[in-house]
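> So that we are looking at the same thing, I have put the structure below in C-alpha cells.
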There are 2 protein chains.
Amino acid sequence: MHGKLKVSVIGSGNWGSCIARICGDNTKNSKTFEKEIRMWVFEEKVNGRNLTEIINEQHENIKYLPNVKLPDNVVAIPDVTEAAKDADILVFVLPHQFVYKVCESLKGVIPKNCRAISLIKGLDFRDNELALFSEEIEKILNIPCAALSGANIASEVAEEKFSEATIACSNVDRDGPLFVELFTASYFDIRVIGDWRGLQVCGALKNVVAVGSGIVDGLKLGNNAKAAVIRGGLVEMRRFGKSFFGGVHTETFFESCGVADLITTCAGGRNRRVAEAFVTTGKPMDVLEKEMLNGQSLQGTLTAQEVHDFLKQRNKLDEFPFMTAVYRIIYENQPPKIIVECLRSKQSFN
Amino acid sequence: MHGKLKVSVIGSGNWGSCIARICGDNTKNSKTFEKEIRMWVFEEKVNGRNLTEIINEQHENIKYLPNVKLPDNVVAIPDVTEAAKDADILVFVLPHQFVYKVCESLKGVIPKNCRAISLIKGLDFRDNELALFSEEIEKILNIPCAALSGANIASEVAEEKFSEATIACSNVDRDGPLFVELFTASYFDIRVIGDWRGLQVCGALKNVVAVGSGIVDGLKLGNNAKAAVIRGGLVEMRRFGKSFFGGVHTETFFESCGVADLITTCAGGRNRRVAEAFVTTGKPMDVLEKEMLNGQSLQGTLTAQEVHDFLKQRNKLDEFPFMTAVYRIIYENQPPKIIVECLRSKQSFN
C-alpha cells in the first residue's frame, strides 16, 4: 500500500453529515486511512455566514444536522474538485439531481485507482431506462462504485441508536473490508453483499410501497391489510429487480437494504404520511406537497410514475398490480380501496 | 363426488368463531359443501345459560366474538364426537393444549376419506423434538392435514377488513381448490403453498421475534433498531426452518404466513406489549402475566424457552444469536441491550 487512503465525502446534507461523522471517527486513528475527511459542502449563507466556515469552526452542520458534533478531522470544502482531488475513496451522498453535474466536474480530477460508493437514493429514469446511480458514476468516472443502503433514518443514526446497513459491491473481497472499516460504528453495523443492483432497486421502490401503506392507513384498514400491502410490495420489488436487472438475488431482500428498510419506511416517513393525508383530506398531491413538504416533490409518487411508464412501455403492467394501483390512485383518480383489491389472489384451480 | 362435503369446525374461540363465520357464508349456497357447519363449542355457562344454546339462538358467540353475527347455518354442538362425526372436512382451531385429547376422542369417529386443516398456533415441544400440529393430527387420525396461517388479527377479520392468509398442504392440486372455496371471502384472500412445515414454523417463531421487538420498544431504540430486530428474527426463522425441518422453502417467507404475519405481530399484539413492559417496569415476567394477561402464559417467551432448549441440546445456540438473546434477557437476567448487540455482524475480512 502506497501510504494511507484519502477519503472525500461528496455531499453534506442530513445523511451526508451523519456519514461524514462516522467516517471521521474511523479515520482519526487509522492505519488504513488518512485522518482528514474532506467533505464537499454546497456553499450557502446561514445567519449571514458561509456554511463551510461554520462547519469548520463549530464542527457542526447547523443547517442540516444541528446539535450533533462532527469530528474536527472532517473539513468542509466549498469547491467540489478541490474536495475530491486525489481522493482514494469517494463517498457520494447528495440529492440525485446533482449527480451528473458533479460527476462531470470530477472527470480528470480524481486518480485512476480511486474507488467510489454511492449513498444516493433512487433510480434514474432516463431515455426510457431505469439507471442505477452507482453504474452511472462508474461510467462517467471510469472507477468502480459500490452502494450503501439500509434501514437508516438519519436522525436515529445521528443519535447513535443501533442501525444496520448493507453495502453492495461487485468485488466483495477487494472492496468489502475497506468499506466495512470506513463505515462501521458501534451503533452502525455493516454487512457486505455482491448484489448492488438489488440493493438500489430496493432503495427506490420501497418509497412506492410506503405510498401504498399510507393509503391503507388513510383508509383505516388496519394491521392485517397494511402487512398485506407491505408483503405485496416486497414481492413486486423482488419481481421488478429480477425481471429488469441482471444479478438480483433473493438474499438481498433479507438484508437491511431489503425488508428492514421497507418496514422502517412503511412505519414512518414522509411518503407514508403524505399518502395518508391524500386519502383522508381528498386534496390533490401538489397541494399536499405545498402544505406538508414546503413544495418539495414526494419521492414515492414520482417513482410510482416512473415505474408505471417504464412498465407500460414494456407491456408489463399486469405483472405489477400493486405498483400499478399506487399509480392509478395517485394519478388517475382511481378509488383508494383498489390498494388492497389489487392484492387479491388470482390463483384459480378451476 | 358422493354428495356434498360436510364441514366441522373444532373450536369456537375468537379465531374459531371468525373462521366458522366465513365457512358458513361460503357453504350457504354451495354445490360443493353441505350448508350446515357444525362447530364444536367447549360448553360453559355465560350469564347462567349454556354457550351453545346462546350461539344457536342468537347466532352470536357473545363470550369470544361479541357483536358479530354468525350465519344461522353454523350450529354449535357441545359434544366433540357428535360435532365431528361423518365430517369430510375437519377444521381444527383450538388452543394447542387441547389438541391431543380432542384428537384421541375422534379416533374411529371420523371417516377414512376425511381431510383436516389446522389453524392451531405454535409448535409442540415434546420428547426433545418440535412437532408440527398438522403432522400430529395426521398421525393420530390417519388423515391428511393442511395448515392455515397469516397476518390475521381476528378482530380485524371479524370487522371484514381486508386480510390475506396462507394455506399449506402436501397435495396442493387435490386439496387447494377445496380449501380456497371454503375459506375465501371478499375480505379474506387465500394463497395456497406446498410448504406446511415452513408455514407452521413461522407461526410459532414470530412470537419470539415479537418479544424481541417489544424489548427494543422498551429500550426506546427507534425504528432502525426495530427493523433490524425484525429482519434478524426473520433470518433466524428461516434458518431454523431450513435446519430442522425438511422441505422448508424460502418462498414461504414471502407469503402472508411469513413476513406479513411477522410484521403484524411485531407492530402490535400481546407478546410485543408485555415484553416492552418487562423492560420499562423491570417487573418479572410472571408478575406481568398476572397483571397484563390475567395470569395466562405469554406464548412468545414460552416458545423462546422451548427453542432455546431444543437448540442447546443440539449444540446450535451459536447459529441463532437473536433467539438466544431473547431467551437470556427473559430467563437469565441478561441486559436487554443485548437484543441489538447480538445482531452485530461477525463478518470479518481480516
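Cβ atoms are placed via backbone N, Cα and C, with glycine included.
So TrEMBL says this about it:
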- B:K206: active site, proton acceptor (ACT_SITE)
- B:G11, B:S12, B:G13, B:N14, B:W15, B:G16, B:F42, B:F98, B:A154, B:R270, B:Q299: NAD(+) binding site (BINDING)
- B:K121, B:R270, B:N271: substrate binding site (BINDING)
- B:6-172: domain 'Glycerol-3-phosphate dehydrogenase NAD-dependent N-terminal' (DOMAIN)
- B:195-340: domain 'Glycerol-3-phosphate dehydrogenase NAD-dependent C-terminal' (DOMAIN)
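Structural setting of the listed features?
Here B:K206 (active site, proton acceptor) comes close to B:G233, B:M237, B:D261, B:L262, B:T265, B:C266: these same-chain residues lie at least six apart in sequence, with C-beta atoms under 8 angstroms from its C-beta.
Classification of B:G11 (NAD(+) binding site) by DSSP places it in coil, neither helical nor stranded. Neighbour count (other Cβ atoms within 10 Å of the Cβ, all protein chains): 26 for B:G11 (NAD(+) binding site).
In three-state terms derived from DSSP, B:K121 (substrate binding site) belongs to neither a helical nor a strand segment and is classed as coil. All protein chains considered, the CB of B:K121 (substrate binding site) has 19 other CB atoms within 10 Å.
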> Here are the binding-site residues: B:W15, B:F42. Which has the lowest count of other Cβ atoms within 10 Å?
B:F42
> Have a look at the binding-site residues B:K121, B:R270, B:N271 and say which one has the shortest Cα distance to B:F42 (NAD(+) binding site).
B:K121
> When the number of other CB atoms within 10 A of each residue's CB is tallied over all shown chains, which of the binding-site residues B:G13, B:A154, B:R270, B:N271, B:Q299 has the maximum?
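Result of the Cβ crowding comparison: B:N271.
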> List the other residues in this chain whose Cβ sits within 8 Å of the Cβ centroid of the substrate site residues B:K121, B:R270, B:N271, in sequence order.
B:N207, B:A210, B:T265, B:G269, B:L298, B:Q299, B:G300
> C-alpha of B:R270 (substrate binding site) to C-alpha of B:Q299 (NAD(+) binding site): distance in Å?
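That comes out at 9 Å between the alpha carbons.
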> What whole-number value in Å do you get for the largest C-alpha pair distance within B:G11, B:S12, B:G13, B:N14, B:W15, B:G16, B:F42, B:F98, B:A154, B:R270, B:Q299, the residues recorded as binding NAD(+)?
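Maximum Cα-Cα distance: 24 Å.
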> If I take the alpha carbons of B:A154 (NAD(+) binding site) and B:N271 (substrate binding site), what is the distance between them in whole Å?
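That separation, Cα to Cα, works out to 16 Å.
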> Restricting to the domain 'Glycerol-3-phosphate dehydrogenase NAD-dependent N-terminal' (B:6-172), report the mean pLDDT as a whole number.
96
